[in-house]
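Colleague: As annotated in TrEMBL:
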- 28-49: transmembrane segment (TRANSMEM)
- 76-101: transmembrane segment (TRANSMEM)
- 122-152: transmembrane segment (TRANSMEM)
- 158-186: transmembrane segment (TRANSMEM)
- 207-227: transmembrane segment (TRANSMEM)
- 233-266: transmembrane segment (TRANSMEM)
Amino acid sequence: MAAGNDFFTYLSPFDLIQRVFNIYGGHLLLFTQLALIATIPKIILAVTIGKPLPEEEDSEMMYEEVTQYSSPQKAIALQLEIVVSSLITVFIQAAIIHVVSEIYMQREPAFKRSWAVAMDRFCALFCFGMLYLLLLSIFFAVVAVPVIMLYVNENYVLAVLIGVTAFAIALYVIISLMIALPILVVENQSPIGAFTRSFDLVPGYRCYIFCSVFLLNVIIWIASLIFEGVVRAIFGASIVAIILSGLLSLISLPLLSIMLPALYFSVRVQKEGMNMESLMKEFEGDLDGTARYEHKIVGGETV
């Protein structure tokens, strides 16, 4: 493992991505175990939405199948599955952030300890996930209605202008909140406090955050295209292909989740001079030394 001081340096987007891959490769099994918890609901959701129809089905059976999947009850069920899957992902990301924080503090991370920390902050993480989903839902609902109405009335130019403006605003907000979850975990902030703190930290670093996340997503996207192309060439549009494609989350989720605390630490190193000592004080206790995360013995292992 690299020297402690090496972690607390401001990195370029390319160096940051290299660090993300180094951290992931150094603890591959642990990250895969955590990602599997969030990947299973995603695979179930993908199979539910993309369930292929057997070729021998006639048109009447196909119509019944499509009608079933288009029913209001099915739509509500799918929405609930998406919400549950998103909330589970938030919990797993919090656990991964804890793992990365321990790596930065030169400690050997453990599955039970990281999971215990995520459960310890259950209410805060649940509220964080729901608040984030609520903000996105309200924003896109407010934008979608006028854009659709303008498009139906053939006001294409105005519809495009509103759509582009809304996209720019959404991108600005998403980038501004990119490090909110690491703030919630590391600094023990409330969801609202994490959002506020994130907006305070990111000014001057939005381009840096965007470029770093964009480059990592491009790498993952290219790898996913290649993998899915091979899978569909072999298995076609079958459930097996959907499941195998869903397993990509075992890689993409940890990588994208590791990027969040890596960005957070890099920004704080540059902006606030963060080091290992300050991280340990913030992560493990308040300024008066009160322990934040209680460590217990479970099955002979400290968690």
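Cβ coordinates are placed from backbone N, Cα and C, and glycine is handled just like the others.
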Colleague: Which residues of the same chain, at least 6 past either end of the transmembrane segment (158-186), have a Cβ under 8 Å from a Cβ in it?
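Modeller: Residues 90, 93-94, 97-98, 101, 117, 121, 124-125, 128, 132, 135-136, 139-140, 143, 146-147, 150-151, 193-195, 197-199, 201-202, 206, 209-210, 213, 260-261, 263-265, 267, 279, 282-283.
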Colleague: Under 8 angstroms, Cβ to Cβ: which one of 76-101, 122-152, 233-266 has the largest number of such pairs with the transmembrane segment (207-227)?
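Modeller: Most Cβ pairs under 8 Å with the transmembrane segment (207-227) come from 233-266.
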Colleague: Under an 8 Å Cβ to Cβ limit, what residues of the same chain, 6 or more beyond the ends of the transmembrane segment (233-266), are close to it?
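Modeller: Those are 7-11, 16-17, 19-21, 23-24, 31-32, 34-36, 38-39, 42-43, 46-47, 50-52, 89, 92-93, 96-97, 100-101, 104, 178-179, 181-183, 185-186, 201, 209, 212-213, 216-217, 220, 223-224, 227, 274, 279, in sequence order.
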Colleague: So if I exclude everything within five residues of the ends of the transmembrane segment (122-152), which remaining residues of that chain have a CB under 8 angstroms from its CBs? That is, six or more out.
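Modeller: Apart from its flanks, the transmembrane segment (122-152) reaches 83, 86-87, 90-91, 94, 158-159, 162-163, 166, 169-170, 173, 177, 180-181, 184, 190-192, 194-195.
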